[in-house]
Amino acid sequence: MKIYFLLGIFLTFLLHTRICQGIKWLALAKTPLSLALNQSQHCKQLEGLVSSQMQLCRSNLELMQTIIHAAKEVKKTCIKAFTDMRWNCSSIELAPTFHQDLERGTRESAFVYALSAAAISHTIARACTTGDIPGCSCAPIPGESPGPGYRWGGCADNLNYGILMGSKFSDAPMKMKKSGSQANKLMHLHNSEVGRQVLKASLEMKCKCHGVSGSCSIKTCWRGLQELREIALDLKTKYLSATKVVHRPMGTRKQLVPKDIDIRPVQETEMIYLQSSPDYCLKNEKMGSHGTHERQCNKTSNGSDSCDLMCCGRGYNPYMDKVVERCHCKYHWCCYVTCKKCERTVERYVCK
């Protein structure tokens with residue numbers, strides 16, 4: 001009986017270690033700048049890749065520096081987006097191993113998968129525009145006219161190529177046969193697609209003025225993506241309203257359906273999760289919670305960074321902080337500005 005018990009623990013461990021393979025590639029953010037990626041055997045030196053991603057690396061070496069940059073952008077952008085929340089995305093720094101906040105099918109892992117999918121396609125699309133990827137250039141000029149007084153020009157972000165190559169790489173782990181439970185694979189693939197949908201929706205017309213004395217008689221326009229930080233904020237809104245789902249039979253196969261209203265299928269645009277998260281008030285390394293003790297809070301805010309919410313009702317302590325700012329700035333003809341440095345004391349607050 002003891003053998004079966006230990007075997008059960010081992011199988012459970014294997015299942016959990018496979019669950020988050022889809023974002024292990026974020027470990028690429030740790031890749032040293034000194035690593036040259038000009039030969040296929042260099043792919044073996046990259047951390048966090050599954051076999052199918054390793055193959056993509058070997059056959060698309062020219063993409064790898066861009067994908068490494070995408071991994072760095074995911075980490076930076078996630079931490080920035082959640083700086084005012086109890087869960088502050090700091091556990092993303094642990095890649096390629098994670099705590100349960102990103103290892104299980106949580107709301108937090110839903111956000112990171114969506115952001116990762118959006119970021120890799122965004123970064124590749126932008127790299128095409130800047131000429132950083134051989135064989136990939138600006139997006140084709142649209143067939144329709146931009147309107148009177150406007151003309152197509154510039155270099156549009158190559159979103160189609162970004163999504164094609166980005167999804168091949170980021171979705172590869174979830175499409176492997178041995179990549180965790182079917183429910184988790186479906187959840188992560190769904191949220192990755194949500195990330196790409198938000199990315200597509202961020203494509204907007206950008207224009208530059210031309211004309212005598214700045215008259216802007218003609219505008220040259222192209223289609224460009226919003227900055228990744230703006231896309232992350234849209235995804236954060238979806239995170240806050242995410243739907244909890246269950247994996248149950250629907251017709252001839254199992255599908256993910258909303259837990260509380262399982263009479264309808266999951267909407268393509270909604271972020272979903274399988275397992276509820278803790279409140280992240282107290283430190284619990286296993287759960288990926290650093291707690292909010294000594295986290296800075298905003299005494300006058302009504303949002304998630306307010307001292308009431310951030311401190312989970314434990315109260316807060318004030319402290320005085322010295323801030324150095326530019327002051328007494330003067331404009332000099334022509335054309336520069338000089339400023340002095342001024343110091344002032346401000347009151348800040350940290351959670352008990």
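Glycine is treated like the rest: Cβ placed from N, Cα and C.
Swiss-Prot lists a disulfide bond between C335 and one candidate from C334, C339; that candidate is C334.
Take the candidates C307, C311, C342; Swiss-Prot pairs C327 in a disulfide bond with C342.
Within the set C281, C329, C339, the cysteine that Swiss-Prot bonds to C312 via a disulfide is C281.
Between C209 and the candidates C216, C221, Swiss-Prot records a disulfide bond only with C216.
According to Swiss-Prot, the cysteine that forms a disulfide bond with C311, out of C221, C339, C351, is C351.
Proximity note: of the listed recorded positions (N88, C136, C209, C216, N302, C327), none has a CA within 10 Å of the CA of C311 (disulfide bond). C78 (disulfide bond) carries a helical DSSP state (H, G or I). Within the same chain, residues at least six positions away from C329 (disulfide bond) with a Cβ under 8 Å of its Cβ are V337, T338, C339, K340. Secondary structure at C311 (disulfide bond), taken from DSSP and collapsed to helix, strand or coil, is coil. For the disulfide-bonded residues shown (C216, C297, C311, C334, C339), fewest C-beta neighbours within 10 angstroms: C334.
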